[in-house]
Every structure is written in C-alpha cells, then in structure tokens.
Amino acid sequence: MSLVDHDSWDIEFEGCERLRHQLLGLLHKRRQLGGAIASPEYAKLTNSIDVSREQLVKDVKHLKVILDNAITWESCSEHELQQRRINFDKLNSDLRSIDATINSAHPSSSSTSVWQQMGTTAAAAAPPSDIVSLKLTQATILEEQDRGLEALSATLSRQRQLATQVYEEVDDQHNILDNLANTMDRVEAGVQRETRTIGQVTRKDSTWGYWLVIVLLFVAILIVVLV
C-alpha cells in the first residue's frame, strides 16, 4: 500500500486555475477602459494585474515542485502523471499568453510606469476605495495561499499517520514472528527429548530379553547338573 493516499496537486492546480481566471478577468476589465491610462481605475487594475501575475508565477513554480516530487517518489500512477504533465504544460502556455497580452498592451506594464504617466496629482486624487479594493484583492490571494498551505499540512499529517500505522503493523508482525520462532524452538526441543526417551526405552526392552534367555539357560544347566 502506498503511504501517500493523496497529495496537494489537485488543490494547488485548482488555485492556479482560479488565479488565472481572475487575472484574465482583470485584463478584460482594463481592456474595456480603452486608452484611459491616466484614470485611477486603470491604475488600480494595473496594480491588481501585477500582483496577481506575480502570485501566479510563484504558484506555477510551486506546482512544478509538486509534479517533480510526484515523479521522483512515484506517488501516483503513470497515467495520472501524464495527465498532470499535460495540465502543467497548458497552464504554462496560458501564463505565457497572459504575459504576451500584458506586454502587447503596455511594453513596460509595471504599476510604477502607469503612475508616472498619471503624475503625482492623479495619484494623490485616487479615491481611498481603490486602495481598499486592492488590499482586498491581495488579502483574497493570501487567504487562498493559506488554504493551500493548510490542505498541504493536512495531507502531510495524514501521510505521517499512515507511516506510523505501517511501522506499528510491521513491529507487531515482527513480534508475532519472534513468538512463532520461540514456539518452534520449544517444540523441536520437546520432540528431541521424547525421541531420546523412546530410544532409551527401546534399548532397555531389548536388553531385558537377553537377560531372560541367559537366566533360563542358567536354570537349565543347574537342572542338568543336579539330575
């Protein structure tokens, strides 16, 4: 039985897919603004896109580590590994497509360059609600990360429990084998003892017959002499 009943691939992959869809939605919203680069809404969307894209890159790298571990430890079937490779390659391709979209829209699409185009006046005029919205987006991403880490921790805990159970089962089997070996030794010693006893009785029985013949011959001789 494999010690790994389930790893964190599914959870991490679903997290990457959600983040990818979120990033595509942000890009679509910014695209709808058209050329309003100097607007606070455009700047807020650009900041959210940068944060989400950076987080997606980190999550994809972590997903690659999980895939490599699954290949190294052979924790799943070959068919499942092949499917994971396909999903990972597709996710990588989607990430490159997103990067191409960002770069084609703004070759230097960092949030700093956007704010520089807006100027310090537009930056100061950005409504507080935009900042709150950006913080909420970042908090949502962090919450998803926390949930992924909690799921990974639960998976590792289950693996440790399984390993402990397997160790205890092996130890019990080892004790059973030891007891069986001791019992066999005692039985073998008893058989040898009984064999020796039977041999002694057999030898005694054969000697008694010889002595009986000798006594009878002696009595016969005495009778002949006396007569």
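Each residue, glycine too, has its Cβ placed from N, Cα and C.
Just so you know, TrEMBL annotations never went through curation; they're auto-generated.
Quick look at what TrEMBL annotates:
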- 139-201: domain 'T-SNARE coiled-coil homology' (DOMAIN)
- 208-226: transmembrane segment (TRANSMEM)
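Mean pLDDT, taken over the domain 'T-SNARE coiled-coil homology' (139-201), works out to 80 on the 0 to 100 scale. For the domain 'T-SNARE coiled-coil homology' (139-201), DSSP puts the residue distribution at 63 helix, 0 strand, 0 coil.
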